[in-house]
Amino acid sequence: MALLAAATLNPTTHLSLRSRAGRNSENLWLRSTASSQKSKGRFCNLTIRAGTPSKPAEPIGPVFTKLKPWQIPKRDWFDKDFLFGASTSAYQIEGAWNEDGKGPSTWDHFCHTYPERISDMTNGDVAANSYHLYEEDVKALKDMGMKVYRFSISWSRILPDGTGKVNQAGIDYYNKLINSLIDNDIVPYVTIWHWDTPQALEDKYGGFLNRQIVDDYKQFAEVCFKNFGDRVKNWFTFNEPHTYCCFSYGEGIHAPGRCSPGMDCAVPEGDSLREPYTAGHHILLAHAEAVQLFKARYNMHGDSKIGMAFDVMGYEPYQDSFLDDQARERSIDYNMGWFLEPVVRGDYPFSMRSLIGDRLPMFTKEEQEKLASSCDIMGLNYYTSRFSKHVDMSPDFTPTLNTDDAYASSETTGSDGNDIGPITGTYWIYMYPKGLTDLLLIMKEKYGNPPVFITENGIADVEGDESMPDPLDDWKRLDYLQRHISAVKDAIDQGADVRGHFTWGLIDNFEWSLGYSSRFGLVYIDKNDGNKRKLKKSAKWFSKFNSVPKPLLKTTNNNATMTAASVSV
């Protein structure tokens with residue numbers, strides 16, 4: 001996976017007004033373009049468009065509510081070149097963990113060695129069996145009218161030992177997948193690494209804790225460029241490095257499962273205040289080396305793009321105070337800026353340098369030059385938002401995890417006692433579409449408005465949800481996606497350069513430490529019927545949504561006006 005604005009709208013006239021309203025109590029049919037807290041209340045900038053329906057929009061409220069027909073996003077709200085697609089990752093769907101010469105990954109080792117660390121004691125040995133059923137995945141994409149499929153390459157399927165001899169069977173598998181996508185008019189977007197480092201490198205030198213990983217990753221990336229670059233024109237070097245570093249080396253709940261002694265994790269032999277930054281530093285150096293190689297040898301004609309996919313979370317101040325406003329800024333730095341700031345400007349955010357001290361490694365001048373402006377495209381993986389609450393920097397508070405370093409706690413409930421949005425089937429995801437709009441506007445206003453793709457966005461169905469007894473009737477997912485697609489359009493209307501939206505995920509998959517208890521797919525995987533693929537309600541909606549003939553869609557107009565009212569309030 002699977003867990004910040006003034007608009008110029010053309011050509012319609014519009015009226016802006018300021019209205020005092022609660023976060024979940026807005027009963028107008030309009031779009032929230034910005035919000036800020038003032039004394040004794042919350043103000044929202046609201047834009048009313050001429051010619052749109054006069055009926056009120058349904059507020060999100062504390063629980064899920066289905067949208068009215070006129071609130072549902074339409075494909076012609078977006079430029080014809082805007083890409084809708086879906087995402088997956090290798091370990092979560094492929095299975096065939098030891099077939100055809102594949103070597104074990106850190107996730108193979110983690111699940112086999114510490115099965116109790118997975119909520120349902122499962123693993124990715126078979127997963128959705130996409131290694132054998134990839135054509136069914138391609139068919140599902142085509143049935144939904146999706147134009148893009150973002151998937152990842154299993155490092156240990158290509159290089160079983162992490163380096164050295166290439167496994168031709170692995171190359172053949174990805175060639176077949178890529179060719180099948182292209183034959184069905186679906187564009188492949190490839191993530192080179194999505195958390196599944198070869199276990200051989202973990203055993204040899206500690207994986208991303210050792211600088212040797214930089215050279216070995218570069219070799220792996222070159223194998224990918226050399227074998228697939230004639231057809232793959234869009235690459236992401238790394239997926240969600242922030243979550244990886246925090247969960248794998250801070251809390252230790254993901255492979256390789258390291259944390260400080262005395263903490264509860266699989267391998268309590270690490271340093272939760274230092275190792276996340278060491279691993280993250282090596283990820284950034286590996287990214288820079290791979291990008292330099294790519295641009296020097298494999299993109300001479302300039303027709304390909306490369307970047308990184310960042311996990312991001314939106315933040316609002318816990319209450320109307322200077323300290324919580326500052327806490328919000330630090331939270332954004334530590335969540336989004338940790339990896340984004342270096343690939344834009346060449347170094348970590350100032351707040352991180354100030355608070356972390358010598359635990360945060362330094363870049364050389366040469367490394368900074370390689371990192372700065374190293375992304376042609378950027379991916380944002382957005383699921384949810386939080387309130388950010390200041391934590392006093394006092395002797396009474398001592399950080400124990402790297403996530404404590406921001407001196408800001410992440411809260412699901414604000415000072416008024418209200419949740420930031422309705423909770424979804426997955427405990428950590430609260431629906432807050434405005435958070436996505438806000439982050440896209442940060443990309444525009446703070447980071448130079450680079451081309452951005454929403455590379456992951458979605459929620460999970462969970463076992464035992466009585467409101468959704470039929471696994472194919474995923475109306476909550478549909479509502480969530482519709483509201484977030486509208487939130488993307490909000491940002492586009494305000495000038496953000498957003499190029500696509502990829503739902504997480506294409507199919508139900510192995511959801512890391514949650515196993516198969518959380519189902520994020522547009523497509524249901526029937527484990528009792530040979531992993532048979534079945535389209536859910538959300539998938540069938542995309543089939544209709546994407547059915548608009550391309551000649552009827554607009555061309556290159558990021559400020560195109562919506563044809564229906566926004567619902568991302």
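Yeah, the Cβs are placed from backbone N, Cα and C, and that goes for glycine too.
Note that the coordinates shown come from a computational prediction; the quantities given were computed from them, not determined experimentally.
So that you can see what the record holds, here are the features copied from Swiss-Prot:
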- 1-50: transit peptide (TRANSIT)
- Gln92, His194, Asn239, Glu240, Tyr383, Glu456, Trp504, Glu511, Trp512, Phe520: beta-D-glucoside binding site (BINDING)
- Glu240: active site, proton donor (ACT_SITE)
- Cys259-Cys265: disulfide bond (DISULFID)
- Glu456: active site, nucleophile (ACT_SITE)
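Rounded to a whole number, the distance between the Cα atoms of Cys265 (disulfide bond) and Trp512 (beta-D-glucoside binding site) is 15 Å.
Among the residues the record lists as binding beta-D-glucoside, namely Gln92, His194, Asn239, Glu240, Tyr383, Glu456, Trp504, Glu511, Trp512, Phe520, the two farthest apart have Cα atoms separated by 18 Å. Proximity to Trp504 (beta-D-glucoside binding site), judged by a C-alpha distance within 10 Å, picks out Glu456 from the recorded positions Glu240, Cys259, Cys265, Glu456. Taking only the Cα positions, the spacing between Cys265 (disulfide bond) and the residue listed as 'active site, proton donor' is 21 angstrom.
Distance between Cα atoms for Glu240 (active site, proton donor) and Gln92 (beta-D-glucoside binding site): 15 Å, as a whole number. On the backbone, the CA of Cys259 (disulfide bond) and the CA of Tyr383 (beta-D-glucoside binding site) stand 25 Å apart.
All chains included, 26 other C-beta atoms sit within 10 angstroms of the C-beta of Glu240 (active site, proton donor). Ranked by CA distance from Glu456 (active site, nucleophile), the binding-site residues Gln92, Asn239, Tyr383 have Tyr383 at the top as the closest. Of all Cβ atoms in the protein chains displayed, 26 besides its own lie within 10 Å of the Cβ of Gln92 (beta-D-glucoside binding site). Here Asn239 (beta-D-glucoside binding site) comes close to Ser89, Ser152, Thr191, Trp193, His194, Trp195, Ala309, Gly379, Asn381, Thr455: these same-chain residues lie at least six apart in sequence, with C-beta atoms under 8 angstroms from its C-beta.
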